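Look at Swiss-Prot and you will find 1-43 tagged as topological domain 'Cytoplasmic'. As annotated by Swiss-Prot, region 'Disordered' applies to 1-37. Residues or ranges marked as topological domain 'Lumenal' in Swiss-Prot (evidence: sequence analysis): 65-834. Taken from Swiss-Prot, the feature active site, proton donor covers D580, and the record attributes it to a curator's inference. Per Swiss-Prot, the feature active site, proton acceptor maps to E804.
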Amino acid sequence: MARGERRRRAAAAEGARPLERARAAGRRDGRAGGARGSASGAALAVVVLALAFGLSGRWVLAWLRVRRALTLHPAPSALPPDSSSPAVAPELFWGTYRPHVYFGMKTRSPKPLLTGLMWAQQGATPGTPPKLRHTCEQGDGVGPYGWEFHDGRTFGRQHIHDGALRLTTEFVKRPGGQHGGDWSWRVTVEPQASGTPSFPLVSLFFYVVTDGQEVLLPEIGAKGQLKSISGHTSELGDFRLTLLPPTSPGDTVPKHGSYNVFWSSNPGLPQLTDMVKSRLNSWFQHRPPGASPDRYLGLPGSLKWEERGPSGQGQFLIQQVTLKAPFSVEFVFESGSAATGGNQASGRLVGSQLTQALESHAAAFKERFEKTFQLKEKGLSPEEQALGQVALSGLLGGIGYFYGQGLVLPDTSMEGSEQKMDPALFPPVPLFSGVPSRSFFPRGFLWDEGFHQLVVQRWDPHLTREALGHWLGLLNADGWIGREQILGDEARARVPPEFLVQRAAHANPPTLLLPVVHMLEGHDPDDLAFLRKAFPRLHAWFSWLHQSQAGPVPLSYRWRGRDLALPTLLNPKTLPSGLDDYPRASHPSTAERHLDLRCWVALGARVLSQLAEQLGETEAAAELGPLAASLEEPGSLDELHWAPELGVFADFGNHTKAVQLKSRPPQGLVRVVGRPPPRLQYVDALGYVSLFPLLLQLLDPSSPRLGPLLDVLADSRHLWSPFGLRSLSASSLFYKQRNTEHDPPYWRGAVWLNINYLALGALHHYGHVEGPHKVQAAKLYHELRANVVRNVRQQYQATGFLWEQYSDQDGRGMGCRPFQGWTSLVLLIMAEEY
């Protein structure tokens with residue numbers, strides 16, 4: 001029986017005795033007994049009322065917390081009104097904002113017009129349907145693929161390798177009018193091997209999707225060819241889409257193609273691929289003049305409206321063109337207002353004019369790239385320069401625009417009680433953001449985005465202001481931002497149900513402050529004007545982090561949301577930290593003190609304090625300045641996190657290292673805790689977390705703690721590898737250990753580019769300021785930079801991909817790919833921009 005239950009039963013028994021005595025006395029003295037009975041009844045009524053008011057008060061507080069969790073923050077937006085509209089930002093209205101598809105464009109709108117590409121090689125495997133390619137997938141066998149050039153606004157060129165095929169997708173935008181201007185695509189299909197005796201038969205599928213009441217009117221030419229699509233929307237006005245006849249690559253002479261078309265109501269964006277697959281059920285003949293026919297599976301041969309859905313559901317129109325490679329096809333969007341505004345006089349952006357525009361944009365990209373990052377001037381090889389261009393282009397080409405409602409589990413301020421509540425929908429919000437991986441994580445992640453914008457802001461500061469403004473627009477009334485943004489049907493369809501809900505008690509590293517630091521140091525007037533508007537939201541976000549994640553003692557902090565100590569977990573994960581399975585205290589408790597979180601809060605206090613002073617926010621500066629000073633005071637950090645027995649900084653909590661996974665049939669692998677039993681102590685997990693005071697440059701150059709951290713960093717028995725700093729010491733009991741039977745190691749030894757970037761920035765800093773460790777830091781900086789750059793380049797040359805993580809044993813890429821999120825930081829490492 002629980003102690004609380006025993007207390008309740010004892011109190012109930014003791015409470016009965018006085019009442020019995022009063023009743024006995026009342027029998028002896030009726031009048032006195034009546035008076036005492038009235039007093040007792042009044043007292044009981046008071047108790048009942050107090051309990052009722054207490055319970056109702058708790059319910060009211062809980063209701064208010066739920067309401068605040070699901071209410072947007074009242075502070076003014078950091079962005080102008082209608083900042084995504086064609087009237088305010090016409091040059092950004094259209095874009096490749098669908099990172100999860102191999103090639104597609106959409107408008108920055110809650111009800112967008114969407115376009116996209118699918119393809120299939122016909123007859124590649126006799127007797128089986130062709131493999132239809134549309135969305136980027138980890139296991140579909142396509143690759144390598146990615147953007148060779150992408151400037152984030154007006155131009156891009158991508159190469160896709162798919163078995164025997166090599167596709168090149170290109171686009172150019174042309175400004176004009178009031179609705180975002182015109183754009184043109186060119187898709188080129190060639191055999192992978194030159195001089196092949198037989199040319200593959202390939203179908204390309206170009207489609208248009210509306211998401212509401214918009215009008216599409218197709219015009220069909222001879223033999224089922226979709227000549228054009230006329231349309232109108234409230235945001236685009238009148239427009240026309242035209243699919244030109246295929247030609248040989250680099251030529252303007254048309255080639256013979258076979259055409260099929262399909263038109264229906266919009267089945268829902270996640271169902272587009274399946275709908276097309278289900279309609280590829282009829283055999284047709286592709287018969288060029290003077291050549292033998294080839295059979296292919298095609299869409300229905302004539303245009304007819306199918307599956308008319310409810311009003312407002314939208315339309316889906318797709319054209320299939322089939323012929324033998326090599327060939328090119330161009331797809332053109334023309335805005336009605338751009339035509340009347342002068343673009344018509346310039347002619348359509350097709351053929352030789354399109355070629356000229358593509359070449360001009362490619363040359364301009366290369367010139368601007370060198371001017372911005374100066375890799376050639378700094379002595380980087382041509383291969384490294386190309387790697388830098390691909391890293392930047394992949395990051396910019398992965399920027400998406402999302403709109404929808406996320407699922408949120410409100411914070412009741414009582415850990416564990418959230419499990420008794422149902423998640424609810426957050427208000428509909430837009431998000432303009434980079435993504436970590438087009439194939440595996442094609443959505444916004446809070447702690448990734450800060451690293452993304454470190455790269456983007458060097459290239460296009462306006463894009464960074466747009467992204468930060470959108471992320472800060474997700475703030476709820478308490479100042480919380482969900483760490484993973486799953487907005488819209490397409491994003492939701494790619495996430496397992498158990499990961500859809502974002503918990504309003506859980507934080508994430510505040511990496512959006514990293515590009516804010518660069519803004520502060522750069523003194524760009526546009527950046528400072530943005531920060532002035534953004535400050536109330538930045539302050540609210542930081543205040544929520546500082547207060548909600550407070551630890552058991554002053555100036556300590558604890559990540560809320562660690563996994564429960566289940567019998568199958570070697571070490572309960574801490575997903576909110578971003579470091580997932582990095583070892584923490586073996587037995588989660590409220591007594592934990594997390595070093596990395598304290599360092600993030602210290603960085604936040606420093607940045608917000610400096611920003612408040614620069615903006616003249618005196619009240620906020622008076623609050624934040626002392627907090628920043630306290631958090632950076634060496635004695636406080638030492639007292640809470642320096643582990644003398646380990647010789648490094650560390651987490652603190654209820655911990656034992658006597659844990660392991662053992663086979664226990666039929667359960668499988670289960671955690672076994674040996675001796676000594678857990679006790680409150682520093683956590684002996686030397687790795688990335690141990691370095692955080694160094695990584696975030698919180699240590700004075702003369703600090704006696706700096707030397708030991710540099711020694712650990714440089715020790716191959718611990719963190720140093722020929723490929724970068726490993727995430728966990730090679731001497732750790734958790735090194736490369738699975739966390740469960742089905743959960744391989746993640747942050748337990750692999751090399752991660754984001755932390756290596758922070759380490760290089762810190763080494764660069766300490767190697768350039770006076771102090772006893774200046775020479776050692778500078779030497780380590782040059783060696784680590786060379787190792788990281790060399791390995792990322794070699795792996796890219798071998799595989800054609802940037803990877804999520806790299807092996808500390810042989811350098812090979814691991815995890816998902818392409819991963820042109822924070823791995824694109826290799827560009828800043830090559831440019832020595834920290």
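Backbone N, Cα and C define each Cβ position, glycine as well.
As the structure is a computational prediction, the values presented were derived from the model and not from experiment.
DSSP classifies the residue listed as 'active site, proton acceptor' as coil under the three-state reduction. Packing around the residue listed as 'active site, proton donor' is summarised by its Cβ count: 16 other Cβ atoms lie within 10 angstroms of its Cβ, all protein chains included. The distance from the Cα of the residue listed as 'active site, proton donor' to the Cα of E804 (active site, proton acceptor) comes to 14 Å. The C-beta environment of E804 (active site, proton acceptor), restricted to residues of the same chain at least 6 apart in sequence and closer than 8 Å, consists of P436, S437, F440, G813, M814, G815, C816, R817, F819, T823. Over the topological domain 'Lumenal' (65-834) the predicted model carries a mean pLDDT of 95. Under DSSP, the residue listed as 'active site, proton donor' is assigned to coil, being neither helix nor strand in the three-state scheme.
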